[in-house]
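Trainee: TrEMBL feature annotations, pasted as is:
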{"type": "DOMAIN", "residues": "16-316", "note": "domain 'Aminoacyl-transfer RNA synthetases class-II family profile'"}
{"type": "BINDING", "residues": "Glu85, Phe86, Thr87, Gln130, Glu134, Arg269, Tyr273, Tyr274", "note": "L-histidine binding site"}
Amino acid sequence: MTKSPILPAPPPTLIRVPEGTRDVLPREWSFRAHLTHTLQSTFDRWGYQGVSVPALELQNAAHPRDARAFKLIDRDGAVLSLRSEFTTAIGRLVRTRFPSEPYPLRLQYEGKLWLRSQDSDMLRLREFTQLGVELVGISSARADAELLSLATAALDSVGLTAHLEVGFPGFVDAVLEDADVSGEEREALHEAIDRKAMPEVQALLRERTLSRDALSTVLALPELYGGPDVLTEARKLPLGPNASAALDRLDEIAARYGRALLFDLGMSRRYTYYTGFTFRAYAEGAKEPIVSGGRYDAGIPGAGFALGLERLTFALGGPPAEAERVLALDEASAAWARARGVNAELAWTEDAAELLAYARARGISRVVRDEAFEPVEALS
């Protein structure tokens, strides 16, 4: 077996990778490529066309992830950011590239994202890959249910069963509005309610004087989690018209989706651009969602979801056993094997001992020559 050339020891900076990044080796790379192709094919069958947006963006202080984005200075002094999420970039693309396109637009994307810090990623990755879709130009329960159905179909296509949790941050917002809670207090309550941190919610409410009805309704929010009965329980609370309208929308989404859903009426906004329903999909036993999405009807109505490729790979238990690979001793045999769906490497030497050592080291059990398979021991 040909030995690797002896190279001088590289400096440490060429051995290590930055914190939160990782190499992907062949077996996992192949599995991820398979998952990506399967998901993109599913999106395509539902009418979602692929687009790509730059990894470099002009820095924008109003961007929902600006504080956590990697930044660099361009040669003209402009501040640039590495792409930290896709929804904002797709929104820019729609406004600038499809200004007169008939709606709805169904778009899909795939690519890497970068964040200086991760606050809830089980792998703590600062470089990761997402696939997703955006349904732009319509705002309806029918459109929302389509996204839930597509997310389910996408996960089914890769053999993963997940449960969907649906919420409506506008419901929480309407309850807090009716309770006359605003400003920083409202944002703090949004966050505490979303995390189901009841002691924090109680502590924040102690600082305010609320009516009995308002207090009982706000305190109920973190507990409103479960099946369809949750919507019934929520309707028993003293609610204003906006909060009631949010429940009506969730009822219609659930009816159109037609399958089991979990409702989390304390699900509050993680990004400020969500204005309607939001949802997350969890694999069995997972603490972090594999899919997350929602509606953002600011300007042009739109909704979408994103799927984390690393989380999906982890949830599926990692890549399966590698497909068989054979060693072809001549070009014609290599072509013959590949035509039959077998992965074939072409031998680079006629030294049988070297090929045998290589095959054993690589776990290759068969060779192909004269358009016929043989055990690797035939080389000895």
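Any Cβ shown, glycine's included, is placed from N, Cα and C.
Values in this document were obtained by computation on a predicted structure and should not be read as measured data.
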Trainee: Would you identify which of the binding-site residues Glu85, Glu134 has the most other C-beta atoms lying within 10 angstroms of its C-beta?
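Mentor: Its Cβ has the most other Cβ atoms within 10 Å: Glu134.
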Trainee: Return the residues near Phe86 (L-histidine binding site), defined as same-chain residues 6+ apart in sequence whose C-beta is under 8 angstroms from its C-beta, sorted by sequence, else 'none'.
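Mentor: Val53, Tyr109, Gly111, Leu113, Gln130, Gly132, Ala306 - these are the non-local Cβ neighbours of Phe86 (L-histidine binding site), listed in sequence order.
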Trainee: Any same-chain residues 6+ apart from Tyr274 (L-histidine binding site) with CB under 8 Å of its CB? Would you list them in sequence order, or say none?
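Mentor: Expected: Pro169, Gly294, Arg295, Tyr296.
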Trainee: Please report the number of other Cβ atoms within 10 Å of the Cβ of Gln130 (L-histidine binding site).
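Mentor: I get 20 for this one.
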Trainee: What is the average pLDDT across the domain 'Aminoacyl-transfer RNA synthetases class-II family profile' (16-316)?
Mentor: 91
Trainee: For Thr87 (L-histidine binding site), which of the three DSSP-derived states applies: helix, strand, or coil?
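Mentor: For Thr87 (L-histidine binding site) - judged by DSSP and reduced to three states - the answer is helix.
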Trainee: In terms of DSSP three-state secondary structure, what is the assignment for Gln130 (L-histidine binding site)?
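Mentor: Once the DSSP labels are grouped into three classes, Gln130 (L-histidine binding site) ends up as strand.
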Trainee: So for Thr87 (L-histidine binding site), how many other CB atoms are inside 10 Å of its CB?
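Mentor: Result for Thr87 (L-histidine binding site): 22 other Cβ atoms within 10 Å.
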